[in-house]
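Presented below is the structure to which this report refers.
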Amino acid sequence: MIQVLLVTICLAAFPYQGSSIILESGNVNDYEVVYPRKVTALPEGAVQQKYEDAMQYEFKVNGEPVVLHLEKNKGLFSEDYSETHYSPDGREITTYPSVEDHCYYHGRIQNDADLTASISACNGLKGHFMLQGEMYLIEPLKLSDSEAHAVFKYENVEKEDEAPKMCGVTQNWKSYEPIKKASQSNLTPEQQRYLNAPKFVKLFLVADNIMYLKYGRSLTNVRTRMYDMANILNLIFRRMNIHVAVTDLEIWSDKDKIIVQPSADDTLKSFATWRESVLLKHKSHDNAQLLTGINFNGPTAGLAYLGGICDPMYSTAIVQDHNKIHHLVAIAMAHEMGHNLGIDHDKDTCTCAAKSCVMAGTLSCEASYLFSDCSRKEHRAFLIKNMPQCILKKPSKTDVVSPPVCGNYFVEMGEDCDCGSPATCRDPCCDAATCKLKQGAQCAEGLCCDQCRFKGAGTQCRAAMDECDMADLCTGQSADCTDRFQKNGQPCQNNNGYCYNGTCPTMIKQCTVFFGSNAAVSQDACFQFNLQGNNYGYCRKEQNTKIACEPQNVKCGRLYCTSPEKQNPCNIYYSPSNEDKGMVLPGTKCADGKACSNGQCVDVTTPY
């Protein structure tokens, strides 16, 4: 295992206290000024990272020394993370920024086992930590002396004088009673395997145009705000053994892509429809949230579909950016995601180790990151009943490209397992100090792992999802449940398609994705445009040059569709930022007994 670089930074608290100041978090009474001093002790030959994997901060609070341990939240972003914004003329601009060496951390105060700190180290230190049961905030002071920071209790932030914000959820989608009943039944082996498997939510974040205007028409300001909140969201769900990773951030910098209005119900419906018909075509993800600067009617601060996770339309939520203090908005985001994960509002009898819990119907200013006992039971019951599959997919070891850190809950190169710190680990199979399996253990996690041993060969670990899928079986030699599917070329969808890598791609299905449920495949004459070799028709590209289709391959180039809403009988989907989007998908049936492969219509009996 690669040794983690440890960086010590001393925060010397000068004997100076302020009585009142206006900070990014709002008006603050009673704060301390501290000055970070960074002390780096690099091992010989080590490469200096911009943001280290692990850091310590030493400083005084109320005259008492504290040590804050931080570890980079390496799973905050997916490996293929992208950002999208729009030019003033409406042109979509998508980039794939490097987020490997980001500046967002989780941590804890020394001698406290719980992860309770969320810190951004991008431009100074900004975030919060818990000390002796109280929340403290730290943020840079915008002074000529750039090293000055303010440390203050959360209770000393003046709260905005307005009615308490509430969640608008009133069981607005799935029936809740059957979920409760399901928790009373005995678990099947498949349900038990599902519960034991690690869970991941791949999150698509959208900021509306009012958010863009609110933060000075600055993409950087909006991005920073969203990142700060996502870091806290990730921390909150770690307590539920769910890892939230941001796959994409889209900022509506030119105009809103839906009608965002004070009616939260109407806005959620519009966003859910847009997500299903547009967003899912851009990139695969599990859940989408819209952050808006609009004021919803009444006290509503957010709305989500109860139990909607993994559904193309209903795995959505909307949240109002209702407070300057970003962690209060992050809690609202966690609350709405909790609804998507099958958790209803807490009743009066529900409790957690805080004054208020995440799923309270009224959003508290107490800033609790804890789910109640009721929430945990309801979430478990929802998982047992529905077993949503999208949240089982996790990054592979090689997806995490920075040096491994034992104790960060990610199994990385050189590690057998990672169950957190020795103080928090509850895994009987894993040695938390070394991230190696305990003596006699064969595995610690995986659908083919049971009580630290591999399940027997032939044991079903995942049921077939459709006609092109196959039930997956354990090998007896691994904890992994290897995905299997029907061989390519097998007829599917009533002979309208052929199986391809576990799916059944058809032109009609692709047309409805781009042009709606009433769309159809265009007449053959439209596909003759693929003979041109330009934006409107080609079969493949060589060194960015579009190559025209051969006559026998025209059904394997640009997809042409017709729709009642379109007068033109030959419609294509074209995006300058992603020219290949809108091409006929590989494996699609192009003639009887033939399917598309690399822009050619080939016989399904040959490998493709």
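Placement of Cβ uses the backbone N, Cα and C atoms for every residue, glycine included.
Between Cys452 and the candidates Cys419, Cys425, Cys429, Cys481, Swiss-Prot records the disulphide pairing with Cys429. When the residues Asn186, Asn501 are compared with Swiss-Prot, the one annotated as N-linked glycosylation site is Asn501. Looking at the candidates Cys526, Cys570, Cys596, Swiss-Prot gives Cys596 as the cysteine bonded to Cys556 by a disulfide. Within the set Cys374, Cys430, Cys435, Swiss-Prot assigns Cys435 as the partner of Cys406, by disulphide bond. Looking up Cys570 in Swiss-Prot gives a disulphide bond to a cysteine among Cys511, Cys526, Cys539, identified as Cys526.
In terms of Cα distance, none of the recorded positions chosen from His339, Cys352, Cys443, Cys449 sits within 10 Å of Cys406 (disulfide bond). Within 8 A of the CB centroid of the Zn(2+) site residues His335, His339, His345, the other residues of that chain are Cys167, Val169, Ala304, Glu336, Gly338, Ile343, Asp344, Val358, Met359, Gly361.
The recorded positions near Cys350 (disulfide bond), taking a 10 angstroms Cα-Cα threshold over the set Asp469, Met470, Cys511, amount to none. Straight-line distance linking the Cα atoms of Met470 (Ca(2+) 2 binding site) and Glu336 (active site), rounded to a whole number, equals 34 Å. Cα spacing between Cys443 (disulfide bond) and Asp472 (Ca(2+) 2 binding site): 19 Å, rounded to the nearest whole number. The most densely surrounded of the disulfide-bonded residues Cys350, Cys417, Cys448, judged by C-beta neighbours within 10 angstroms, is Cys448.
Taking His335, Glu336, His339, His345 as the recorded positions under consideration, the smallest Cα distance to Cys481 (disulfide bond) is found for His339.
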